[in-house]
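J.: One structure, pasted below without further comment.
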Amino acid sequence: MEEVDGFSGTTPTEETNGSGNLMDFLDEPFPDVGTYEDFHTIDWLREKSKDTDRHRKITIKSRESMWEMIKSLLDAWSGWLVMLLIGLLSGTLAGVIDLAVDWMTDLKEGVCLSAFWYSHEQCCWTSNETTFADRDRCPQWQTWAQLMTGYTEGAGVYLLNYLLYVLWALLFSFLAVSLVRVFAPYACGSGIPEIKTILSGFIIRGYLGKWTLMIKTITLVLAVSSGLSLGKEGPMVHVACCCGNLFCSLFSKYSKNEGKRREVLSAAAAAGVSVAFGAPIGGVLFSLEETLWRSFFAALVAAFTLRSINPFGNSRLVLFYVEYHTPWFMPELVPFILLGVFGGLWGTLFIRCNIAWCRRRKTTSLGRYPVLEVMAVTGITALLSFPNPYTRRSTSELISELFNDCGALDSSQLCDYSGANANVSTSRALDDTPDRAAGPGLYSALWLLTLALIFKIVITIFTFGIKIPSGLFIPSMAVGAIAGRILGVCVEQLAYHHHDWIIFKSWCRPGADCVTPGLYAMVGAAACLGGVTRMTVSLVVIMFELTGGLEYIVPLMAAAVTSKWVADAFGKEGIYEAHILLNGYPYLDQDEFTHRTLATDVMRPRRNEAPLAVLTQDSSTLEELEALIKETDYNGFPVVVSRQSERLIGNSVVYFTEEAPQLPASNPQPLKLRRILNLSPFTVTDHTPMETVVDIFRKLGLRQCLVTRSGRLLGIITKKDVLRHMAQMTNQDPESIMFN
């Protein structure tokens, strides 16, 4: 056993050539010491110490001259400048993506003759021949079959439109998967599991690079436009973090400090959520654990930029803006809670089935053919989507219609009630119509929605995780919104036909507007999204910002909490945590460690293993140091006072103390390495409970800690050792979960 003197944080790539120039060079800070290899974990305490030292030097220099003071002010404001740039770029990209998706989604069905870059809605806006009753039809917009044959109806026209719809979808998805595979493999998927892992301190080189940003932006448009059951909200967080990483490289304050870089990335994640939903406050809560104030600023700028672009054409910031005119009543909490139960069950089903399918993809030959898989999923999706008008349209449009509160002038089948126009007084507000009996159009819509619900549930399981940008927020919301709208209509009709029942008598009078099916759709969307992601607070705030009113907070909270309770009963991991585990990323979740093990059970070396590789404070030679670096793949070595072994003679002595050791004059000049020595390594005793050790690693972001007994070194515990031990305690293969 050795007495601990410190911890030398070298890396395997730091080798030396010659000793003459090195002696003088090492008196200054090492330019490469402190950098991290790919797929390694950062040392949060060291990064914090580096930033503190940097800030202290700037403060001292600022007193020397006016120029140094100006530089210190620029350094202080550089963080706000980075947030401003992130907000502007992410908001601009979000607006461009929204406009491009609308245009390319409609391009599968037809083209605008007056301006081919107009979507269907934009094309008919500009037409002077559009009537309110047929606001979706105008002479300037023609389907592909109409453009080719001149006919608007008939079996041939339908089949030609069907064929072209499928071909356009296949083309978009083929371009997306090909660009991802050739130029930026990291651009596939949602990105949120990796972003969570990176924010926790893991290094993934290239994941937030310029190529990833460009390819993800382009392929996100193609993937969503292809009609696959995926959304752009998750990938928008990845795009915003790429923007943050891009601007970090412009400022040494962030480019040379991985801890400070992650503060920026956390704020960028908030900006991504902000532009994805038009919910800046929800975006801030999404990254609340990291940096609150600057996250708010970045989210605000991003939302303002998106609003300036006005991609939705309604002068609104949000995608699904709704405004209900009827309050909810206490008895309705029962169906709201039932939607929460459905959301929890759907979340559990989806996570288990999707993870099983993704594991099969990773462990079988299926993973060798990503292009073929994407094309197959796209073809099946397009073939089954086209016949149903609720699956043919984009998922965002579907959710918007499901959230809508029917008014007297709505022409949707979901608003087809018996006597819809005859029974409505012209003096009554258009959005305050009474409950009425369902008409044939509504019954037809309910059957189509039921088929759409089954289709969305099944196809989303196989779509999330394929090798193109794929978000999960919108498909999950769509499943919940469909289920909620169906339940809302059922409750509405029940209240209309049986208003004398005791459960309706106290709050639903004949001729009154009692039930709002659109509200049920919104609550269902929140429940399913919560069941899949396990979000609660930020989810409720995001949904609240979508509605623009505080009145529906309680139904949303009830559904979100219920869905989380139900889903947690079957498993604690959300979909992103499940994918983190599947990929073996070194991420410590917030679950409590309840096993009664000690640090000595986890530390290395174990019995029958080689002794711990260490350096002595003033007797190691440069030859020993070079051999140790070449023979091991460790990123640091404990420095001890002495060890019971013979010292090699005949090379420069390496020392970590302030004063050089006394050596004969004939010996080469000793090499001082004290500047790379961590003089305060974190240590625990061998009898420290692992529950405490896990908590220390999680809260302090440690990379490793030393295990001692009475001040003498016994071993070392790294973050990966902790993860292996946690996997072993849950009967998993410790090596199978580690990222390779």
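Heads up, the Cβ atoms here are built off N, Cα and C, so glycines get one too.
Source: prediction; values computed, not measured.
Sharing the record's features from TrEMBL:
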- 1-21: region 'Disordered' (REGION)
- 8-20: compositional bias 'Polar residues' (COMPBIAS)
- 73-97: transmembrane segment (TRANSMEM)
- 162-187: transmembrane segment (TRANSMEM)
- 208-230: transmembrane segment (TRANSMEM)
- 236-252: transmembrane segment (TRANSMEM)
- 264-286: transmembrane segment (TRANSMEM)
- 333-357: transmembrane segment (TRANSMEM)
- 369-386: transmembrane segment (TRANSMEM)
- 445-466: transmembrane segment (TRANSMEM)
- 472-491: transmembrane segment (TRANSMEM)
- 677-735: domain 'CBS' (DOMAIN)
J.: Do the transmembrane segment (236-252) and the transmembrane segment (73-97) share at least 3 Cβ pairs under 8 Å, sequence separation 6 or more?
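T.: Output yes: the transmembrane segment (236-252) sits against the transmembrane segment (73-97).
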J.: Going through 73-97, 162-187, 208-230, 445-466, 472-491 one by one, which has the most CB pairs that fall under 8 Å from the transmembrane segment (333-357)?
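T.: It is 472-491 that shares the most Cβ pairs under 8 Å with the transmembrane segment (333-357).
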J.: If I count Cβ-Cβ pairs under 8 A between the transmembrane segment (445-466) and each of 73-97, 208-230, 472-491, which range comes out on top?
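T.: Between the candidates 73-97, 208-230, 472-491, the best contact partner of the transmembrane segment (445-466) is 472-491.
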J.: What does DSSP give as the helix, strand and coil breakdown of the domain 'CBS' (677-735)?
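T.: Going by DSSP assignments, the domain 'CBS' (677-735) contains 22 helix, 19 strand, 18 coil.
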J.: Mean pLDDT over the domain 'CBS' (677-735): what is the value?
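T.: Over the domain 'CBS' (677-735), the predicted model scores a mean pLDDT of 82.
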J.: Counting only pairs 6 or more apart in sequence, are there at least 3 Cβ pairs under 8 Å between the transmembrane segment (162-187) and the transmembrane segment (369-386)?
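T.: Per Cβ check, the transmembrane segment (162-187) touches the transmembrane segment (369-386).
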